[in-house]
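Written below as structure tokens is the structure these notes are about.
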Amino acid sequence: MGGDKALSLEEIKNETVDLFLLLIMEEDENVESGVFLFCLLPLQYLEDFKVAPKSLAFIFLIYWRVGPTVSGATDIGEKVPIEEVFEQLKCTREGLSSDEGTNRLQIFGPNKLEEKKESKLLKFLGFMWNPLSWVMEAAALMAIVLANGGGKPPDWQDFVGIVCLLVINSTISFIEENNAGNAAAALMAGLAPKTKARAGIREVHFFPFNPVDKRTALTYIDSNGNWHRASKGAPEQILTLCNCKDDLKKKVHSVIDKFAERGLRSLAVAYQEVPEKSKDSPGAPWKFVGLLSLFDPPRHDSAETIRRALNLGVNVKMITGDQLAIGKETGRRLGMGVNMYPSSSLLGQHKDESIASLPVEELIEKADGFAGVFPEHKYEIVKKLQERKHIVGMTGDGVNDAPALKKADIGIAVADATDAARGASDIVLTEPGLSVIISAVLTSRAIFQRMKNYTIYAVSITIRIVFGFMFIALIWKFDFSPFMVLIIAILNDGTIMTISKDRVKPSPLPDSWKLKEIFATGIVLGGYLALMTVIFFWLMHKTDFFHDTFGVKNIRNSEDEMMAALYLQVSIVSQALIFVTRSRSWSFLERPGLLLMTAFLIAQLVATLIAVYANWGFARIKGCGWGWAGVIWIYSVVFYLPLDLMKFAIRYILSGKAWQNLYDNKTAFTTKKDYGKEEREAQWAHAQRTLHGLQTPQDTNLFNEKSSYRELSEIAEQAKRRAEIARLRELHTLKGHVESVVKLKGLDIETIQQHYTV
């Protein structure tokens, strides 16, 4: 690529080639010009140049020329004759000959250092040639050569034993050396071997990158003993360093913008002479050399991580120091939306008209990210979001991220973060990538869901036990045995402890301690179960319903047998309630954990055996038989089924949207044309325009002191919808945006066209 234009073979074969150069001309007799030419050629083009690569090849040429005195800077897009290019490169249209290629390899060296191949056998035999091996070999020879006297043969047993020890020792050493060599080779494979490009250059001093200067610098001595200094870094810093003219700055920024539109970052390069030959000397004036474009793609799992976060109701914002165009392109690739603004908008400066009326807090809340951000901006972003009642988590790795990490509710230091960032964070990641954060969110929500399930169960079972036995005692003067209450509590505790290991379905949205929902659910479910117990006792004590329906014996006159039957009914439904409180949907659709299911079955088996066979006079209980046990199980299962419906009804009523949905969404209550279809489509279209910044959003009461987490999560849902729109948009005009929105929603554009006027 050369600038914003691809360089094809057809253009190369023409008389002139558009190199898209950036040349700095000074008012001097000899003008040095740095030319950076990037070419990306397909295989078939490279074959025409007698090159046989295995994949696409990047060709990077640096071309220096000396020209006449020119005032100012030449135009970007200088036309250079093709013959001059081949002359400077010392090649022809047919490419390099074999002799010329060999000659250049001798001059410049290969792209990669040659690796010496060592024979495994020779390496193994080498371990038999060291002082320890010499001693063992000498001992083996002595066992053969020296006779034992008396006409005895050589000591072959010792010889064989010593040789075996020698081989074993060499084998062990070879294996250890080979494993170490493989580990070193794997490590070296990830490093770029140095070539001969730096031959004759001696490094004197290296100035490392820092977030203030945003550049690096290297002072070095060439083969002639001359001192030089080169620097690369942020284009703005390099332009300031070189004191470039305004015209040049505009041209540089135009190139940067064109690179950024394709997601390419830009690094500027500058150069100066150091005649004082000291690393601390200021040196001669800096000369701007050119720009380097870098492609730094997101991790392969980043897009999936962002998608999962949005689906979980977590609004993700990108905070980057790159240019705004790069941030938007990266956001588009990650599917997180392109509603991004420069950091200057955080300070109330340089706002465009579409966001001019928005306060900074609302701008931060609605944006998908910010570009050109400095460390102090990160802290302000976290602070403003917290003021809007958000729970904020932030990732960082550098020292400059420490204040924002400390301020955030959950500071997350990524892998390879600095000690300062680790110390300021609540969580330190040990593996690269952010996908582990999603796993942490799911795990924490699962833990919270278990705690919430237990709380609802505890409230329900308390109300169920207290009011159930209280009404039975007040109405029929029947006192339930305290010992049997203790048995119920022991079996319940054994089962409820397994909730900590239960398989739960985490909340799809951020959740909180909704005490109103918890107590309302507990009271309704507990009251219902208490009523079912009272009805069961009435049917058993005052009627012949069970005797006439199921043919079981009549136990209305035996208090001990009624005690056993009542105990079993209370025990079954009390523990079955766990499956209702642990699930967000139908209890029989969410499979419980194996440990919970096993504990429930064991507890109910024990309870059933007690109700059938127990004959404990001190507890006033006598077994009621298997017939009554079966009837009680049927009764409990029948009255268990409405529990899920009650749970759904409570949640729906407490959402505060029951009556609103009834009148707003049910078309049976309207007399408008087409049941208000046109108005609803217009409202949706207006919402989409507001959503993506085509119109200034209206004031909203979404974030007030009483906002629920479900309402707060609507921001994440909006971000997900923005991402979908951004992926479908193919044009950058208003027309293209509207078409993508209509395509996403499947609307009839002719019906709602009048609502898209600007």
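Residue positions begin at 1 at the first shown residue.
Any Cβ shown, glycine's included, is placed from N, Cα and C.
The domain 'Cation-transporting P-type ATPase N-terminal' annotation in TrEMBL covers 76-148. According to TrEMBL, the transmembrane segment annotation covers 124-147, 159-175, 454-476, 519-540, 562-581, 593-614, 626-643.
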The transmembrane segment (454-476) in contact with the transmembrane segment (519-540), cutoff 8 A, at least 3 CB pairs, sep 6+: yes
Chain residues in Cβ proximity to the transmembrane segment (519-540) (below 8 Å; excluding those fewer than six residues from its ends, i.e. six or more beyond): 455-456, 458-464, 466-468, 471-472, 475-476, 478, 546, 555-556, 562, 565-566, 569-570, 573-574, 577, 580-581, 632, 635, 639, 642-643, 646-647, 650-651, 654
For the domain 'Cation-transporting P-type ATPase N-terminal' (76-148), the mean pLDDT of the predicted model: 71
